[in-house]
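Residues or ranges marked as transmembrane segment in TrEMBL: 21-42, 54-77, 97-115, 136-157, 198-220, 232-253, 265-284. Positions annotated as domain 'G-protein coupled receptors family 1 profile' by TrEMBL: 36-282.
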Amino acid sequence: MYVVTEFILLGLTRDAGKQKAVFGVFLILYLATLSGNFLIVVTIKISRTLGSPMYFFLFYLSFADACFSTTTAPRLIVDALAQKKTISYKECMTQVFAAHFFGCMEILVLILMAFDRYVAICKPLRYTTIMSRHMCSVLVILAWVGSCIHSSAQIFLALRLPFCGPNVIDHYFCDLQPLLKLACMDTYVTNLLVVSNSGAICTVSFIILLISYVVILYSLRNHSAEGRRKALSTCTSHFIVVVLFFGPCIFIYTRPPTTFPIDKTVAVFYTIGTPLLNPLIYTLRNMEVKKAMKKLWCSKV
């Protein structure tokens, strides 16, 4: 029996002219993503004014964003100009693990950031006690562990899939949904497990975040106008990131084993778009980060 040892990635388009455009556009986007997230990571690490839990979590969100984008963007960029767009079986499985690990890490850190805002706004007197540095470190460690459990479950499902015929993946990176179409077995049960794992994590996390925002908005009615403005500014940034990330994720991972032509475009939003927009949203809408960056980088120059 023929066993597949490599896959062919079709990428975003098969048109030679458009592939050159894909190379140029996504190379710029990827470099901008790395630069923006690296800037936030270094600024928070060095700056003394950004020591609050919110920036502690933002540090890990930017780190996860840079890594998450790196799992898919370089392959897309290189394949745009390559004649032979192949990826080995081992590389494909590694990409599945890494994409789900850093994607889940981003989800869990976003939940931690929402929890931080909830405590800051709803329990301000107990904020420093609840959100101590030790507690923040424990929460981040739990997020790493949770991400590892999730991605291990995904890779376990992927490794169990037998590939004995078709090896052309109509996508720009390896993921379980397109791989299920190529498997030489009935994938109904496997797809249910994917939906109950990835789909449930996306949907439940999104619902938890929405509930936290409703509670926060309800609590703001007792705050001063200035307090409401500041809290809403922070929460609005967070909410924009959540919608941009979870909308596409829920669309991809919470449905029956079918693929649509639009899937690749939707995937671009959460694998490349969100990691790029996060640093822009959190810096452009946050005066503290902008001041810290100015002070730090102007003094360096």
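Sequential numbering from 1, following the chain as shown.
Just so you know, glycine gets a Cβ as well, placed from its N, Cα and C.
Caution: TrEMBL annotation is automatic and unverified by curators.
From a predicted model like this one, the values you see are computed outputs, not experimental measurements.
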So which residues does the transmembrane segment (198-220) touch in its own chain, when a touch means Cβ under 8 Å and the partner is 6 or more beyond its ends?
100, 104, 107-108, 110-111, 114-115, 117-118, 121-122, 150, 154, 176, 227-228, 231-232, 235, 239, 242, 246, 249-250, 253-255
Any contact between the transmembrane segment (232-253) and the transmembrane segment (136-157)? By contact I mean 3+ C-beta pairs closer than 8 Å, pairs at least 6 apart along the chain.
no
Which residues of the same chain, at least 6 past either end of the transmembrane segment (21-42), have a Cβ under 8 Å from a Cβ in it?
11-13, 58-59, 62-63, 65-66, 69-70, 73-74, 76-77, 80-81, 272, 275-276, 278-280, 282-283, 289, 293
Are there residues at least 6 beyond the ends of the transmembrane segment (265-284) whose Cβ is under 8 Å from a Cβ of it, and what are they?
12, 26, 29-30, 32-33, 36-37, 39-40, 58, 61-62, 65-66, 68-69, 71-73, 76, 99, 103, 106, 171-173, 175, 237, 240-241, 244-245, 247-249, 251-252, 290, 293
Are there residues at least 6 beyond the ends of the transmembrane segment (136-157) whose Cβ is under 8 Å from a Cβ of it, and what are they?
53, 56-57, 60, 93, 96-98, 100-102, 104-105, 108-109, 112, 115, 176, 190, 193-194, 197-198, 201
